[in-house]
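Copied over from TrEMBL, here are the features:
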type   : residues : note
REPEAT : 101-135  : repeat 'WD'
REPEAT : 145-180  : repeat 'WD'
REPEAT : 188-224  : repeat 'WD'
Amino acid sequence: MTVKVFRSPARHGYAVEVSPYIPSRVACAASQYYGIAGCGTLLVLDQTETGLTLVRSWEWGDGLFDVAWSEGNEHILVAGGGDGSLQLWDTANHSAPLRVAKEHTQEVYAVDWSQTRGESLIVSGSWDQTVKVWDPALSPSLTTLRGHEGVIYSTIWSPHIPGCFASASGDGTLRIWDVKGAVCRLAIPAHKAEILSCDWCKYDQNVVATGSVDCTVCVWDLRNIRQPVNQLLGHTYAIRRLKVLGLQPTPASPGYRRASFRVCLWIRLQPAYPQPGGGLFLGRDGEGVHTCMPVGGSAQCSSLKRPQTSEDDFTSVLVFEHFSPMKPAPRPEP
């Protein structure tokens, strides 16, 4: 497996998103000083045979924490900033954003562009404990949703159900929202600590995964929320970002489904190359970088020790994949 790395001096990465139009292109949101102070940078990179090359970059006056590609225009992106703003960027425009919307009163930590056919909406989640829904032009927000009792770290549209998205918060809950009704349809006490990330399964509308400060990943079936389908253990640091690629049946394992998880994370020190079959969830854990491999209902963990590197402040982008079996949750009794 080839690991491609792009280093951005004095920037700490917060989000990596692949273009829905150009599979070899990624957008990256980064900040100085871990977003505590300083400015932010939005990077567009192309993957080549030899590595990652810079296509375009823009500077912003505050930290940038998330980015999402437009589902209707290959050149357009939206980013969320530490100044409470959303910015609409065009890769053909070298200077300023097309539009800036500022309604949130604190950091915008999550943005996402809807993927369902016939719908083009943007959702944003903020540390002001609100979620806002926008049209693609970032006109005044269409609706503001309240209910979380902590900062909101993640907002993700359902790839299956129009007008439906999930949000994850510092209050430890995963919430499912209905935009048309402007209500929360489901509130799941998913972790006993802050939830930093969530993502929908692209092949099953009922499956959502969450990553938390408690160092675990939980996989949820929304039809049965009494307990997670699976809990993945092994990290000693918080899980800041996760991506679920798929969940498909495997005839070789009756009663089981095959879960493909992929995570794109930024860490400060580049790890050694992963061993074959490894690389499920990646994070900086002290002296090593850990990979977790779930087996049945438990997880096994191995450590990849980091190589000797200079102490220059840089950021690395790494992408790993791993397939693992996962048993479906029991269905509730009629």
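Glycine is treated like the rest: Cβ placed from N, Cα and C.
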Counts of helix, strand and coil residues, the repeat 'WD' (188-224), according to DSSP: 0 helix, 19 strand, 18 coil
Across the repeat 'WD' (188-224), average pLDDT on the 0 to 100 scale: 92
Counts by DSSP class (helix H/G/I, strand E/B, coil) across the repeat 'WD' (101-135): 0 helix, 18 strand, 17 coil
